[in-house]
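Below you'll find the structure, written out as structure tokens, and then a few comments.
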Amino acid sequence: MSLLVHVLACCFGLGSWVAVNGLWVELPLIVNTLPEGWELPSYLTVIIQLANLGPLLVTVMHKLCPGRLRESAVIYSVLSIGVLACVQLAFFWDETTVVAAAPRSTVFFILTLFLALVDCTSSVTFLPFMMQLPAHYITTYFIGEGLSGFIPGLVALGQGVGMAKCVNGTQSSGNLTEKDIYIVQTQYLLPNFSTEVFFFFLAAMMCISLLGFSALNRFPRSFELSTENLVSDTDTVASVCFGLDNPGVVTDVQNSNPKPHSEESGQARPQLAKPGHSVYQLAFIYFMVVCVNGATNGLLPSVQTYSCMPYGNLAYHLSAALASCANPVACIVALFFPKRSLVLLGVLCLLGSVFGGYNMAMAAMSPCPVLQGSVLGETIIVLSWVFFTGTLSYVKVMVGVILRDESHSALVWCGAAAQTGSLLGSAIMFPLVNVCNLFESGDFCNTKCPF
């Protein structure tokens with residue numbers, strides 16, 4: 001029975017971020033079809049930030065009506081929406097509509113917003129539900145959450161990418177007296193399986209998560225040891241969850257199980273004696289959180305096409321897929337090799353910034369970055385994206401561990417700083433890419449570079 005619950009918890013965790021991660025690793029195939037082209041990632045970063053309205057609404061409901069919001073109903077709803085959105089994407093992802101006299105991927109954007117709402121809302125609903133199970137199952141849940149980025153990356157690697165080749169074509173001049181114009185066109189070969197199949201795979205992953213949650217939710221309460229030992233009814237469970245968001249709230253459990261003053265003071269001493277960080281250290285930590293999340297969630301993803309596509313579709317494909325795998329790998333490394341030194345984390349942050357700076361520089365030089373057309377250039381850009389994601393992911397995990405041990409309010413401010421950085425990064429890059437046109441796209445066959 002215990003093994004079964006571990007499997008179900010892992011399956012449940014798969015649905016946390018599998019949809020958004022799947023969209024990112026599939027972009028190397030999508031950008032060649034949708035009219036936004038290389039600008040598409042900058043749109044996605046903004047859409048994902050808008051989806052934070054979902055967790056904000058859930059949080060407000062918890063604050064205004066504590067104990068009234070049924071998390072199981074919310075989870076059923078968001079996972080069902082995720083399944084339907086993935087299925088709809090499989091059929092309509094390449095449908096366009098005319099907006100402001102230009103074709104736009106309206107359907108793709110709307111369905112992406114729904115998927116982002118599902119994944120963002122999972123951050124404030126999945127874990128509170130897992131708190132009803134014994135603590136060791138939460139670790140299994142986090143493994144499933146890590147796999148939600150690792151598995152789509154592996155599947156994308158197996159899918160391959162449509163290799164580009166140059167073919168001769170003709171273009172009509174529109175004049176009967178003139179001959180047709182001969183041009184060179186870029187033609188992409190088919191991958192091992194289509195984008196539609198990949199979206200059906202994402203829908204299957206969401207179904208697995210939904211089935212895992214349904215099974216966990218139907219387990220007899222006698223198995224939920226932590227719930228039975230700590231609380232007496234479901235209302236108190238909600239108040240405990242609410243109390244985690246409000247450390248000053250006194251739960252019914254504490255009131256119904258008073259302890260002698262000496263015992264309480266004995267338990268409180270270790271907490272008071274725990275060394276904390278100075279104001280300057282906390283300011284440095286929060287500054288790192290803002291910068292790291294701004295870079296990884298806003299600044300660099302918006303221009304990944306411009307930094308990778310000039311080296312070819314394969315370079316972009318490998319960068320997106322391997323970077324998606326690097327994130328959970330970095331979390332595993334942090335699990336076995338936790339380093340809390342602020343000096344080391346600062347050095348890693350600078351190292352990740354160096355990789356990010358190289359990626360941004362190549363994007364600014366698009367469509368003619370250095371070492372274009374060489375295997376060395378392709379290798380460097382792929383490794384740069386992998387190390388950029390891996391090092392900064394390790395920093396994010398360790399900063400979260402440090403602030404978790406500091407206090408609950410410190411962890412709350414960490415989340416606020418992370419969202420602020422992500423929002424700033426997206427807000428800065430969107431006008432630079434789509435309004436100012438600081439980054440230039442190119443064509444594999446028709447771009448002429450001076451070197």
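Any Cβ shown, glycine's included, is placed from N, Cα and C.
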Field: transmembrane segment according to TrEMBL, located in which of 105-129, 230-254
entry: 105-129
- prompt: Hey, does the transmembrane segment (279-296) touch the transmembrane segment (410-433), meaning at least 3 C-beta pairs closer than 8 angstroms, sequence gap 6 or more?
  reply: yes
Selected stretch (most C-beta pairs under 8 A with the transmembrane segment (73-93)) from 42-61, 105-129, 141-161: 105-129
Message: Let me spell it out: take the transmembrane segment (279-296), skip the flanking residues so only those 6+ beyond its ends count, and list any with a Cβ under 8 Å from a Cβ in it.
response: 342, 345-346, 349, 352-353, 356, 388-389, 392-393, 395-396, 399, 402-403, 406, 410, 413-414, 417-422, 424-425
Statement: Other same-chain positions with a Cβ less than 8 Å from the transmembrane segment (380-403) and lying at least 6 residues past its termini are 277, 285, 288-289, 292-293, 295-296, 300, 304, 307-308, 311, 315, 318-320, 322-323, 326-327, 329-331, 333-334, 338-340, 345, 348-349, 351-352, 355-356, 358-359, 362, 369, 371, 410-411, 413-414, 418
